[in-house]
Ligand SMILES: Cc1ncc(COP(=O)(O)OP(=O)(O)O)c(N)n1
Ligand SMILES: Cc1nc(C(=O)O)sc1CCOP(=O)(O)O
Ligand SMILES: [Mg+2]
């Protein structure tokens with residue numbers, strides 16, 4: 001997969017009155033280089049329409065586009081890949097459906113899950129929640145930066161730190177070994193989304209071509 005630094009996930013509850021595509025375009029213009037559509041409440045038809053719109057946006061800016069949970073929607077809009085959690089479709093089945101070229105990301109909360117995802121052929125893993133988060137209710141207790149250190153020491157596929165990542169604590173995460181971070185509320189809930197993304201990018205390693 002194309003490498004990335006700053007992973008922005010949608011969260012429409014954080015920007016009432018602001019259009020989804022406009023918000024995510026601000027994130028991209030600020031330096032988000034991978035975008036995930038995550039919508040846990042809309043009808044499937046509505047998620048599909050949002051996915052189509054974000055596919056158009058991400059193609060325009062040559063940015064990777066991932067759909068959360070819904071493999072059928074990811075394939076329908078020709079997204080670059082899918083993100084799956086431990087209770088979603090298993091990696092092996094997802095790979096059979098998606099084929100060898102699509103990106104599959106897997107959420108992990110302990111090193112056993114990270115090892116299994118790597119061995120099973122995941123393209124990247126999410127490691128979290130590092131800090132408490134209000135963006136996901138059914139989430140395990142914070143794994144702390146201790147888990148980030150473990151993953152950085154052992155796992156060879158790309159990993160992204162997620163969960164409560166803010167500008168004020170991102171340095172703790174990078175010091176623990178994360179080179180890629182992911183955020184919802186800190187990015188899409190910001191007044192100046194572009195500026196927040198620029199500030200995140202300034203704290204992350206520079207990646208080729210970006
Ligand atoms: C990059 C990234 N990491 C973790 C998650 C969480 O996925 P999951 O555990 O399936 O939970 P939901 O997001 O589906 O509520 C993610 N979406 N993205
Ligand atoms: C969607 C999600 N997954 C997590 C995990 O640990 O797997 S934490 C999380 C929510 C991240 O939102 P925020 O940046 O607003 O804290
Ligand atoms: Mg999921």
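Here, residue 1 is simply the first one shown, and the rest follow in order.
The backbone N, Cα and C atoms fix where each Cβ goes, glycine too.
Automated prediction, rather than curation, is the source of TrEMBL annotations.
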Identity of the 4-amino-2-methyl-5-(diphosphooxymethyl)pyrimidine-site residue among 5, 107 (reference: 36, 37, 38, 39, 40, 68, 136, source: TrEMBL): 107
Message: With the Cβ atom as the reference point and anything under 6 Å counting, tell me which of the binding-site residues (36, 39, 40, 107, 136) are near ligand 2.
response: 107, 136
Message: To the nearest Å, how far is the Cα of residue 40 (4-amino-2-methyl-5-(diphosphooxymethyl)pyrimidine binding site) from the Cα of residue 69 (Mg(2+) binding site)?
response: 9
Message: Can you tell me the CA-to-CA distance separating residue 37 (4-amino-2-methyl-5-(diphosphooxymethyl)pyrimidine binding site) and residue 69 (Mg(2+) binding site), as a whole number of Å?
response: 9
